[in-house]
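J.: One structure coming up, written as structure tokens, with questions to follow.
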Amino acid sequence: MAGLLHLVLLSTALGGLLRPAGSVFLPRDQAHRVLQRARRANSFLEEVKQGNLERECLEEACSLEEAREVFEDAEQTDEFWSKYKDGDQCEGHPCLNQGHCKDGIGDYTCTCAEGFEGKNCEFSTREICSLDNGGCDQFCREERSEVRCSCAHGYVLGDDSKSCVSTERFPCGKFTQGRSRRWAIHTSEDALDASELEHYDPADLSPTESSLDLLGLNRTEPSAGEDGSQVVRIVGGRDCAEGECPWQALLVNEENEGFCGGTILNEFYVLTAAHCLHQAKRFTVRVGDRNTEQEEGNEMAHEVEMTVKHSRFVKETYDFDIAVLRLKTPIRFRRNVAPACLPEKDWAEATLMTQKTGIVSGFGRTHEKGRLSSTLKMLEVPYVDRSTCKLSSSFTITPNMFCAGYDTQPEDACQGDSGGPHVTRFKDTYFVTGIVSWGEGCARKGKFGVYTKVSNFLKWIDKIMKARAGAAGSRGHSEAPATWTVPPPLPL
């Protein structure tokens, strides 16, 4: 009996061990559940579990409320949600001038650095010289984060500390209208309106593609002799209208022939090229000329008291090609006779020489081998990129030179215009920026005119004009190197 009981118990135990816990195969409609991830919504105590960013919003789409559960901070939630909802609006760095971008839903917000405002921090709230010249009529400089305006000789700052008001009847850098015009302190009555000029459209010019061959001496032909036969002249352009080129001076030799140009700086001083002083032993300076074959009553010839040539002038390279003439008698400013303004160095280089164009004038030849022009001509020429200028030239372009002109249009300075003015207009006032120096031919394709860069010599010019003409002690001055020469008297 006992043996039978043990047998029954053993069979029962073995049967329980050998019976499977469940079916090995599941029905088709239940098989997909084996690898299915359990959702939080279906998990135990869902609402009391701490939020998880990956589980809530990356593994599946989440709501703003679910994102808020993750961060438990309104600012962090908003920052995440703005990117999560529609992408990062700050990805393109829309905020300018070091502004900080904050992403939003379908938008962004810029926090601007000090001194800037606007949707993209694009507007400056402070005046700077690089933005509209700081609002200044003429010279602009920045001191202690503030703009300081100043004016050329013959002007004073207006009550607004921005405008420049003339204190002279014929202020520098202004076109003259003649005797009938009224004189007043306001500069608008002292000059022709610029809209009356027939300028080329600067928008059609490319400083690096349109180049002009403004030349002094033709470097590929024999150098100029005593008669000045190889000096530079204007090709193309147009006649200077009444009062348009009042700062033009003409150097005239003993044969009463013009051989070089010059720029009137004030009643006693005229700026020209150093190489012009090698073209004639004796010469006078004529001002007021618009037609050398007609007398209009404004012409006047002045004898030269002293010539001041830069002592570092190099005849072979035309480096330091600059000279100043002091006249024996003062120039009387009148119709067609007025000075051009001298700029400040930094302002000239940052503002004037970054303009699109300048103006050159003279009585030069009308083409490379043509006759001299009897009428004063002017030509608007674009500034040329320095690297383009250097690549186009067969000769060295030194730091004391710059290029201007066209490479395709048949317009240029040519033989006879050497030493003449290159001026740049800024707000209807004209400032001296260059001296016609040299070039390769006249209006040759792909060649540029080369000018003396006046901004490099402004201190030198200033010291020359402040010195007494007969001051022997000024000769060889270290700060104003120059060769002082008193020309022989002209024959009666």
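Residue numbering: from 1, along the chain as shown.
Using the three backbone atoms N, Cα and C, a Cβ is placed for every residue, glycine included.
Note that the structure is a prediction, hence the values are computed from the model and not measured.
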J.: Which range is it, out of 178-198, 199-219, 367-387, 472-492, that shows up in Swiss-Prot as region 'Disordered'?
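T.: Spelled out, Swiss-Prot records region 'Disordered' over residues 472-492, not the other listed ranges.
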J.: Among the residues E69, E255, E349, E440, which does Swiss-Prot list with the feature 4-carboxyglutamate?
T.: E69
J.: Of the candidates C101, C110, which does Swiss-Prot name as forming a disulfide with C90?
T.: C101
J.: Say a student had to find the 4-carboxyglutamate annotation in Swiss-Prot: which of E54, E257, E299, E411 would be the correct pick?
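T.: My reading of Swiss-Prot gives E54.
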J.: Six or more residues out from either end of the domain 'EGF-like 2' (125-165), which same-chain residues have a Cβ under 8 Å from its Cβ atoms?
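T.: For the domain 'EGF-like 2' (125-165), the list is 115-117, 171-173, 185-187, 266, 341-344, 346-347, 350-351, 426-427, 429, 431.
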J.: Can you figure out which of C110, C121, C245, C260, S418 (the recorded positions) comes closest in space to C57 (disulfide bond), comparing Cα atoms?
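T.: That would be C110, the closest of C110, C121, C245, C260, S418 to C57 (disulfide bond).
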J.: Going by C-alpha distance, which of the active-site residues H275, D321, S418 is nearest to C245 (disulfide bond)?
T.: S418
J.: When you rank C121, C129, C140, C164, C403 by Cα distance to C276 (disulfide bond), which of the disulfide-bonded residues ends up on top as the closest?
T.: C403
J.: Within the domain 'EGF-like 2' (125-165), how many residues are helix, strand or coil going by DSSP?
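T.: The domain 'EGF-like 2' (125-165) comes out at 4 helix, 15 strand, 22 coil.
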J.: Compare the C-alpha of C95 (disulfide bond) with the C-alpha of each of the disulfide-bonded residues C129, C151, C164, C260, C389, and give the closest one.
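T.: If we rank C129, C151, C164, C260, C389 by Cα distance to C95 (disulfide bond), first place goes to C129.
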J.: Please give me the recorded positions out of C240, C260, H275 that lie within 10 Å of S418 (active site, charge relay system), comparing Cα atoms only.
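T.: For S418 (active site, charge relay system), the recorded positions whose Cα atoms are within 10 Å come to C260, H275.
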